[in-house]
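What follows is one structure encoded as structure tokens, with my remarks underneath.
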Amino acid sequence: MQDNALLQQVKKDIRDHGLIRPGSHVVAGLSGGADSVCLLYVLWQLSREYALSITAVHVNHMLRGTESDADEAFAVDLCRRWDIPIRVFRADIAEISRTSGFSEEEAGREVRYGYLFQVFREASADVIAVGHHYEDNAETVMLNILRGCGLEGLAGMDYKSGSIIRPLLGIRRSQIEAYLNQEGIPWRTDSSNASCKYVRNRVRNLLFPAIKEQFGCDPVPVLNRLSVLARRDEAYLAAQARRIFDEISREEGVEVSLDAGVLCRLDKAISSRIVRLAWEKATGSLKGIESVHVDDVLRLCRESGTGKRLCLPKGWTASLSYGRLILRPERDVRKTEWSYPVPVPGTVCVREANGLLETKILTRDQFVESFGNWLKIKETSNIQVFDYLKFNCGINIRNRRDGDRIRPFKSPGEKKLKKFFIDHKIPAEKRDSIPLVAAGPRILWVIGMRTSDECRPDERTQSYLVLTWHELSSGGEEQ
């Protein structure tokens, strides 16, 4: 591509796929690599034509020491030059990987998307833009094939997935680098990209060159063609499943039910998708449901007979009642209580709440340099601060217990936690999954909502306990 050909191609893809509306607020991921720099530069060039507001997000993974810090400084300087607001986050991915059981790749991806969605919500933005390109999609399809995927996995990445857009998906890596060189724009090179420690790098650096050498074809365009064809077929099947789901489903409170007779008569390509839609409607996400569970539910339908019942993940059941398949929470099981001691300093993974809590202790000077005035930290922020020397016991992260009370910051008196949730219109079925930071019986922080008056800093504070909640992504996004 020469001159402005890349920019024109991206503009065409934005129009063809309806990625950005005029006046949109775009949150853009910025690692400092060529793809994310090109993405931000293109958005910056289009900002006047599309009346865009842009917020960049950089996550320092702290995996490469001074190199990671240099990436962060580069991202901040680039945004300063282009007058783009930037939010910078730091996460000890190696420690998070060690304590969570995720690989470093998985931990980095989960935390990265968690921060992107956090800024997206806080800014009331319209879309999240990420720099995935043509090669990235080919790598994703190949990785999915190696995992034994279905049609959805063969579809790979799309230009638009919910709130996430990928304006560079039709552009090759070589074109991106040539364009940046032409425009005189620098970028950072991640030394770990050459390492075969990571699975994606092995696909890129070993498998693809071997295929090209042994079979005489470039796998990148081949896999992208496969992706387009699979995406087209998947979109059709998904639309058919959604149409039938809307016709045969009913929602009553927390229960979702389906017409079992209709479900049994459908081809499995459609019925399996309908079961997944019902699960997503009932539980709020597709997490926990695997193909084996879908098969079990469909087998239950075929067996017929009122009263039959099947246990599913996350405390849910599937049962048959007078011709309807019903998904509901298991009523006769007490809520699952969970609690984890919080290391100080350190990190603890809380899979029940889909996140990680990181703690560190800062002196007064360190805190002021990093955060300034603690009173400026929003109650809904993922970072909260307390006076470490006011603690007389360890802290835990847990879900609620009967009789829990909180003394909300800047509010008079105590309040029952149950009343607090009611006042904030939190549905009853979601209250047990909200993470709480507690010191003994005292609730310090209802994460994402409110902090307590307990153990807060004051003018005499010398040792600050900084708590950072890393929300993990909802899954399914690559890189």
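Heads up, the Cβ atoms here are built off N, Cα and C, so glycines get one too.
As the structure is a computational prediction, the values presented were derived from the model and not from experiment.
Residues or ranges marked as ATP binding site in TrEMBL: Ser31, Gly32, Gly33, Ala34, Asp35, Ser36. When Cβ atoms from all protein chains are considered, those within 10 Å of Ser36 (ATP binding site) total 26, not counting its own.
Feature annotation from TrEMBL assigns domain 'Lysidine-tRNA(Ile) synthetase C-terminal' to 395-467. Computed over the domain 'Lysidine-tRNA(Ile) synthetase C-terminal' (395-467), the whole-number mean pLDDT of the model equals 88.
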Exercise. Around Ala34 (ATP binding site), how many other CB atoms lie within 10 A of its CB?
Worked result: 22
Exercise. In the domain 'Lysidine-tRNA(Ile) synthetase C-terminal' (395-467), how many residues does DSSP call helix, how many strand, and how many coil?
Worked result: 13 helix, 26 strand, 34 coil
For this session: Please compare the binding-site residues Gly32, Gly33 by how many other CB atoms fall within 10 Å of each one's CB, and tell me which has the fewest.
Result: Gly33
Exercise. Same-chain residues six or more away whose CB lies under 8 A from the CB of Asp35 (ATP binding site)?
Worked result: Gly131, His132, His133, Asp136, Leu168, Arg173, Ile176
For this session: Note down the number of other Cβ atoms within 10 Å of the Cβ of Ser31 (ATP binding site), including every protein chain shown.
Result: 24
For this session: Using DSSP with the three-state reduction, classify Gly33 (ATP binding site) as helix, strand or coil.
Result: coil
Problem set entry | Output field, ATP shell: CB within 8 Å of site CB centroid, site Ser31, Gly32, Gly33, Ala34, Asp35, Ser36 dropped | Leu30, Val37, Cys38, Leu39, Gly131, Trp187, Arg188, Asp190
